[in-house]
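Chemist: Quick paste of what Swiss-Prot says about this protein:
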BINDING   Ser58, Tyr127  Fe-coproporphyrin III binding site
BINDING   His189, Glu276  Fe(2+) binding site
Amino acid sequence: MNERTSDAFDALLVLSFGGPEGHEEVRPFLENVTHGRGIPPERLDEVAVHYHHFGGISPINALNREIIANVEKELASRDHKLPVYFGNRNWKPFDNEAAEQMADDGVKNALVLATSAWGGYSGCRQYQEDIQGMIKHLESQGQSITFTKLRQFYDHPRFVSTMAQLVQDSYAKLPDELRDEARLVFTAHSIPLTADNAAGTPEDGSLYSTQVKEASALIAEAVGVSDFDVVWQSRSGSPHTPWLEPDIVDHAVELNEKGQKALVVCPVGFISDHMEVIWDLDSELMEEAEKRNMVVERVATVGPTDEFAALVVDLIEEAELKRVIERLGKLPARGSSVNGAPCGDGCCGTAKHKTARVNPNARSAAPAAN
């Protein structure tokens with residue numbers, strides 16, 4: 001079943017990855033993330049060190065609560081009486097617990113916002129699997145909710161225009177003598193090439209990486225930049241497995257060796273400044289740039305903005321059939337389905353494309369993907 005319901009929705013669930021909020025939560029969180037994937041305990045120990053460096057706290061839950069508060073405000077401003085719930089795949093508040101609370105509150109027909117703009121297994125299909133898991137959990141409790149996932153929004157006009165403004169804000173922070181020559185670089189989470197090849201339906205062809213590239217082109221056009229780069233970050237797994245390249249730090253080094261003195265780095269693939277952004281970009285990239293006397297301005301993420309909250313409510317109104325779907329891109333923007341149904345036959349391959357995202361950076365045991 002893949003049909004959209006009209007305006008009978010009675011709740012919104014913000015569904016995310018999850019992250020620890022204290023030292024004692026780090027190890028069990030990492031064990032949840034990597035359950036059944038054969039990650040050695042010593043590898044988890046290495047990753048845990050970086051969480052403890054930040055007080056054992058991933059910023060993702062606080063950032064999602066900020067998004068929820070903004071969405072609630074926007075819903076109220078448009079006279080939507082829609083309660084907002086929060087659930088995570090890997091840590092508290094867990095998605096099954098959120099689903100139970102929703103059912104106890106009488107919710108019957110809920111919308112789901114996954115905190116990802118993209119297609120592909122990790123960006124979309126895995127959230128559909130989470131929805132299937134919540135449905136099974138509710139059935140075991142004698143309860144039921146119909147869940148409708150909101151679509152991928154990588155090319156929504158508000159996403160593009162807000163990211164463009166944030167890029168312009170970063171250019172404005174550069175020294176006058178470097179502003180005109182600064183190179184614009186977009187970055188998103190790397191995934192194995194096999195997973196990217198399987199992203200979307202078979203006819204889509206590498207939907208994840210092509211969506212990232214199209215979004216980057218749309219943002220650059222809005223900024224007025226014609227020459228830019230799209231690179232990747234936070235890879236994990238065996239170094240022998242091909243992933244999307246080049247890596248952001250490697251790319252920055254290469255540009256610097258060719259004489260580039262300034263970069264504007266836009267983490268287009270990330271909704272919020274979660275652990276991968278503050279570790280891979282604000283720590284590793286900045287440290288390398290400082291060694292080379294290279295100026296890097298990292299663009300803010302879209303999640304905390306009022307415009308992102310407005311985007312979310314636009315998607316809700318689209319699902320309610322009260323608003324025309326607004327898109328700037330030409331690629332498929334899938335992801336909207338009922339009760340975790342795939343977007344189409346063969347969508348995002350199979351479970352063999354799952355990736356354990358414990359170490360988002362090949363150089364060191366960086367924090368998990370949250």
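Each residue, glycine too, has its Cβ placed from N, Cα and C.
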Chemist: Fill in the CA-CA distance, Glu276 (Fe(2+) binding site) to Ser58 (Fe-coproporphyrin III binding site), as an integer in Å.
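Modeler: That separation, Cα to Cα, works out to 10 Å.
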Chemist: Give me the non-local Cβ neighbours of Tyr127 (Fe-coproporphyrin III binding site): same chain, 6+ apart in sequence, Cβ-Cβ under 8 Å, ordered along the sequence.
Modeler: Leu15, Arg89, Val112, Ala114, Ser116, Lys149
Chemist: Taking DSSP three-state, what's His189 (Fe(2+) binding site) in: helix, strand or coil?
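Modeler: Looking at the DSSP assignment, His189 (Fe(2+) binding site) belongs to a strand.
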Chemist: For His189 (Fe(2+) binding site) and Ser58 (Fe-coproporphyrin III binding site), determine the Cα separation and express it in whole Å.
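Modeler: Between the alpha carbons of His189 (Fe(2+) binding site) and Ser58 (Fe-coproporphyrin III binding site) there are 17 Å.
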